[in-house]
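Report on the structure given below.
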């Protein structure tokens with residue numbers, strides 16, 4: 001079979017774009033905590049010494065946005081100008097307006113009710129925008145995620161962990177990881193290259209201190225976890241590149257401006273699946289960019305967990321103000337155990353993909369989003385990540401005739 005290399009990347013919570021994502025979702029959580037019906041679309045820009053928050057919100061809740069911003073920045077680890085940013089002293093600018101009544105009309109009273117007179121409660125809420133969303137799952141890891149993004153996220157999480165627990169005390173919050181894996185056909189067989197770039201204190205020698213510490217306490221630690229998880233991958237002789245520029249002292253918002261929604265491939269499947277283009281952070285679940293993408297992950301993961309396919313990508317599409325999806329597409333890449341049309345029909349029978357039904361079934365009107373904003377929205381089986389449940393396996397198998 002043909003051999004090929006596939007690469008995915010991740011970033012730490014201290015990357016400027018991820019700081020912005022976490023701030024946006026922290027504000028969302030604060031509003032949902034007081035008013036679960038809040039409509040929120042919050043964007044964050046972060047640059048040297050300044051955080052600017054803008055967007056549209058309709059809510060009965062109050063949020064002390066400057067205080068939320070500062071606490072989140074400090075929690076991430078930016079507490080000194082020596083690190084390039086200080087949450088205690090940075091400026092915070094807020095420009096929040098109300099949601100457009102034209103959008104609210106379509107969300108609050110869907111096309112099905114306004115035009116067709118439908119009285120079904122779940123038909124009353126329309127999609128918050130038009131758009132297309134993808135979900136993906138495969139059997140490369142126990143979490144049914146692609147292996148390259150799985151490993152890249154683990155490396156990024158570990159990079160932050162060794163900084164926070166003092167194992168590598170001279171690290172700073174900003175960091176990136178990248179993983180290249182060799183595939184034989186569709187099977188991951190060998191780790192080819194690992195890239196780790198981490199912000200660090202001044203006067204740290206790359207060759208004698210940083211690179212050996214990263215190899216021992218970050219990379220080898222993660223590779224040992226893969227073995228514990230039963231993932232078979234040849235890791236002998238992999239290439240490790242640590243801070244290939246030679247130095248990474250200036251980082252965080254001082255090194256690069258950060259924006260909400262700039263890491264959508266890292267947030268999802270690391271490039272292994274297609275993406276509809278919509279970002280997640282700062283958006284309440286009436287926005288199908290977020291809620292339907294979560295639902296598609298739920299669908300695809302249940303399809304693979306049910307044994308209907310080894311790889312599954314699902315696309316859904318919506319029209320603004322309409323409850324029912326306008327399109328559903330299933331791709332199994334030649335791995336289906338039954339006819340793909342049967343899988344598509346089974347999905348339609350088992351899953352209700354109207355926005356109100358997604359919000360109900362995944363219990364999305366909760367303050368759960370800040371924890372999604374770093375290290376991936378998918379593949380982490382945390383209690384609040386309801387879209388990672390495989391609770392429709394039996395129903396799918398029955399509907400597909402297995």
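Cβ coordinates come from backbone N, Cα and C, glycine included.
Predicted, not measured: the structure shown is a model, and the values here were computed from it.
Checked against Swiss-Prot, the range among 66-76, 77-87, 88-98, 99-109 recorded as region 'Flexible loop' is 99-109. Distances between the Cα of residue 15 (ATP binding site) and those of the binding-site residues 43, 56, 99 are shortest for 43.
When the binding-site residues 17, 43, 56, 287 are compared by Cα distance to residue 263 (ATP binding site), the shortest distance belongs to 17. Neighbour density around each Cβ, counted as other Cβ atoms within 10 Å, peaks among the binding-site residues 283, 287 at 283. Comment: ATP site residues 15, 174, 175, 176, 247, 248, 256, 262, 263, 279, 283; largest CA to CA distance 36 Å, whole number.
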